[in-house]
Structure formats: structure tokens, C-alpha cells
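Among the features that TrEMBL reports, transmembrane segment is placed at 6-24, 45-65, 71-94, 101-122, 134-153, 165-187, 193-216.
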């Protein structure tokens, strides 16, 4: 193994550890749901999106699609299991039938779309390069979309001049996660830009959010927490999990 290969493996292991922590970050929310026997105002949408993201990256990491991507498969397989547990708890304790039906419908749509992508990769794509390109573009688009989803929180921070809607720890973890996976993709031979590009975008967005946090934590005025904003904050936490998924 070359030095670059060894460093890449180390980056992948670090990325797995950080991502695992991000996947577990909503655990207190689900302990609360189980304790109170209700999902309250929390939304299940972020966990469906994260499950979809993880499934795509598992597909991308398979040897038939991309070689030498075991660390991509491991963390995203773990992510699929964790998100499935979250969604199972959510559906069991969903306090509104319409919310339960909405989340169940989203899961059905995601699994149908995923099955279509899998069939396209393995049946329509004849060669390894085409399979990797198609799966990689799908992964990159979904990951960038999930990295960009906290932009609504950034607007809230600017409008309220308060950082209480932007938790610091997920921002820092998201930055390190994006930077780690960017390095992992760049150290591949050849460079894996399907991993590099979305995670570089994510790292840059995390830097922007940290700058906002630093500015408004010093100059902003404390504001009372608005209950309706908590689902949006939970969405932000959920998207950090997606960021975890390579």
C-alpha cells in the first residue's frame, strides 16, 4: 500500500467514526419520543432523506460499481440500519395519522426510486465506468441537496440575529466530516470526484455557517425559542446525518 493509500484509509476510518457519531445524534430525540409515546412536532422527512442518501452510497461503494470503497459501504450500511430504526420508532409513535401516512408514503417513494436506480445501474449500464458515473452523479446530487438544506436555518439566524436555532456541535462535526471525506476522495487513484465535490461543498457551507455563528453569537440578541422552529432544527440535525453518509 502506498503512503497516499494508507492516509486515505486513515481518513476513511476517521470519517466512519465522525459519521457514526452524527448518525447517533438524533438518539435523544427518539428517546424522548419513546418516553412520551408521541412524535409531537418532529418531522420524519429528514430520516427518510438520510436513508435514501445512505442507500445510494452503499450502491456506489459496491465492487461492481466502484472499487476499493469498503469504508464507504460500511458506514452507509450502518447508517441504513440506524435510520431504519429511527423510522420504525417514528411510524410506531406517530401521533397523527396523516403524518404516519405521509412518512410511509415517502419511504415507499424513496424505495421505488432507489430500486429504479439500482436496475438502471446493473441492467442498463453495460460497463463499469458507466455504472460508476451514473451512481456517482445520483449520490453527488442528493448529498449536495442535503448539505444545502440547513440554508433555511441560516436565514432564520440572520433574520432573528440569534444562534439558538443553529446548534454548534453539528456544525463542527459536519465541517470535519465534509473535510475528511473530501480528503478521502481526493487521495483515491484516480481522484474520486463523486465523493470530493459534494463533501467539499458541504465543508464550505459548514464554514459559512460557523462564520455566521461566530458573528451572531457575539452581536446577536437572545430571542425566545419559537416552538414551530423546532422541527426545522430537527431537520438540520437530520441533515447532518446525511452529511455523515459520505
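Placement of Cβ uses the backbone N, Cα and C atoms for every residue, glycine included.
All TrEMBL annotations are machine predictions without curation.
As a quick check, the transmembrane segment (45-65) and the transmembrane segment (134-153) clear the bar of 3 or more Cβ pairs under 8 A, pairs 6 or more apart, so the two touch. If you look at the transmembrane segment (193-216), the same-chain residues 6 or more away from its ends with a CB under 8 A from one of its CBs are 60, 72, 132, 135-137, 139-140, 143-144, 147-148, 150-151, 153-154, 157-158, 161-163, 166, 168, 171-172, 174-175, 177-179, 181-182, 184-186, 243, 246.
Within the chain carrying the transmembrane segment (71-94), a Cβ under 8 angstroms from the stretch's Cβ atoms is held by residues 9, 12-13, 15-16, 19-20, 23-24, 26, 30, 33-34, 37-39, 42, 44, 47-48, 50-51, 53-55, 57-58, 60-62, 100, 103-104, 107, 184, 195, 241, 244-246, all 6 or more beyond its ends.
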